[in-house]
Amino acid sequence: MATNPKPSSSRMGRIKNYRWLVVALLFTATTINYLDRQIIGLLKPILEVEFSWTETDFARIVMAFTAAYAVGLVSFGWFIDKVGTKLGYSLTVTFWSIAGMLHAVARSAFGFGLARVGLGLGEAGNYPAAVKTVAEWFPNKERALATGLFNAGTSVGVVVALILVPWILSHYGWQEVFWITGALGFVWLIFWLIFYDIPAQQKRLTTEEYDYIIGGQEAEEKGVGEKAKVSWTKLFTFPQTWAYITGKGLIDPIYWFFLFWLPSYFATTFDLDLKKFSLELMIIYTATTVGSISGGWFSSQLIKRGWPVIKARKAVLLAFAVLELSVIGIQFADNVWVAVGLISFAVALHQAWATNVFTLPSDMFPKQAVSSVVGIGGMAGAIGGILFPILIGSLLDTYKAAGNLAGGYNIIFTICGFTYLIAWGIIHLLTRRSRMLSLAELR
């Protein structure tokens, strides 16, 4: 059995709370990840005119991304568990940054689809790497909060896009948007290579913090190397894996809709000019940051009060699922600010839900298997993200042809509202007797 190296005796140990610096690196990477991802949605009104895209064309471009994302999640999840977080994260950021810049040379829907394939493959590695990093660097009781903090980068990335993209467009063109934003990943990479190592090899980590981290992790994890072998196919024999697959497979496609179609929804329904700074979209995506952080905080507080970990996660997930039904009311919004309020609440709840779902692999599996489980669940979410845009594109084209595009959006929002409760019910059934699996069971 591989053993975890002892904490380095040569560590300077001068930086207190170093684990939160690690979260800052994860947050920044996730911010860049979603900045690059969101650009296509913001540029949609410009690109569909320049290249004569239909709603179905755009849906196919989104599907190209999500299909590649599904493959990338499994591939990078396995790869990161095999080579470790430092090298694995470095390669995934390099991959997606290059793919992001290649959008600038696309000249057709097919060309953009190819570029999105590259971006999807690379960006898929972000969450397996980030969740595994949290499992390595945090005790159980802090993992949801740490996940919520780095997951807030999904929201901040979109907000940054709302500011940066119009500014670049006003000075240059849409091609420069991809060149400039794609280069940001290489800047992050410098800091990652300088400041990151696993706790046992991090010389800047104090002995006190190292003991706190290791002392708060599961007994099965201690003394085992981060690259210990796990049977990937055996993961599918456990209900814990299928619970995570459900949480991702049913709910991730909804966020794809929020991410890629909301700008177009406001442009067509409320005549929003996406070439200018949009306060409406800024408010919506800022709300996701609040949801991400608060969602992790709620379950962490329950755990600190003595709740069993899985019970705490499911309790807050149920609350968020019930509240998410409010998004159905969007069909009654008679002005833009009512719509902004309802959708802001909905996306905040989504991120609160997502934060707790993301912690499930580290709650139920040893950290040596976390990236693989995250990749498997993420693949399920991406497959849903392939199928849901087919429905979205078909509905919107049909209702657009009938002169009632808003009616198509109303159906989609209704589907979104009910799906969270369905997902929670399945997760609950699969985790009624859930426990932390041992590494020996996964070999």
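Using the three backbone atoms N, Cα and C, a Cβ is placed for every residue, glycine included.
TrEMBL annotations: computationally assigned, not manually curated.
Residues annotated as domain 'Major facilitator superfamily (MFS) profile' in TrEMBL: 22-435.
Annotated transmembrane segment per TrEMBL: 61-80 (among others), in sequence order.
Here TrEMBL flags 144-165 (among others) as transmembrane segment.
The transmembrane segment annotation in TrEMBL covers 177-196 (among others).
Within the chain carrying the transmembrane segment (242-262), a Cβ under 8 angstroms from the stretch's Cβ atoms is held by residues 34, 37-38, 40-41, 44, 58, 62, 66, 158, 236, 281, 284, 343, 346-347, 350, 353-354, 357, 360-361, 364, 373-374, 376-378, 380-385, 387-389, 392, 412, 416, 419-420, 422-423, 426-427, 430-431, 434, all 6 or more beyond its ends. TrEMBL lists 242-262 (among others) with the feature transmembrane segment.
The annotation transmembrane segment is assigned in TrEMBL to 282-303 (among others). Cβ atoms under 8 Å from those of the transmembrane segment (282-303) belong to residues 140-142, 144-149, 151-152, 154-156, 158-159, 162-163, 262, 309, 311-313, 315-316, 320, 340, 343-345, 347-356, 359 of the same chain, restricted to positions at least 6 beyond its ends.
Taken from TrEMBL, the feature transmembrane segment covers 315-333 (among others).
The transmembrane segment annotation in TrEMBL covers 339-360 (among others). Only residues 6 or more beyond the boundaries of the transmembrane segment (339-360), in the same chain, are considered here, and those with a CB under 8 A from a CB of the stretch are 127, 131, 143-144, 147-148, 151-152, 154-155, 240, 243-244, 247-248, 251, 254-255, 258, 262, 266, 269-270, 280, 283-285, 287-296, 298-299, 310, 313, 316-317, 320-321, 323-324, 326-327, 329-330, 333, 374, 416-417, 420.
Residues annotated as transmembrane segment in TrEMBL: 372-396 (among others).
Within the chain, the transmembrane segment (408-430) has long-range Cβ neighbours (under 8 A, six or more residues past its boundaries) at 239-240, 242-243, 246-247, 250-251, 254, 257, 265, 269, 314, 317-318, 320-322, 324-328, 330-331, 346, 349, 353, 391-392, 395-396, 398-400. Annotation source TrEMBL lists transmembrane segment at 408-430 (among others).
Beyond the transmembrane segment (61-80), the same-chain residues lying 6 or more positions past its ends with a Cβ under 8 Å from any Cβ of the stretch are 37, 40, 53, 88-89, 91-92, 109, 112-114, 116-125, 127-129, 132, 232, 256, 260, 371-376, 378-379, 381-383, 385-386, 389-390. Across the domain 'Major facilitator superfamily (MFS) profile' (22-435), mean pLDDT in this model comes to 88.
If you look at the transmembrane segment (372-396), the same-chain residues 6 or more away from its ends with a CB under 8 A from one of its CBs are 55-56, 58-60, 62-63, 66-67, 69-71, 73-78, 81, 120, 124, 127-128, 131-132, 230, 232, 235-236, 241, 244-254, 256-257, 260-261, 358, 361, 365, 405, 408-409, 411-412.
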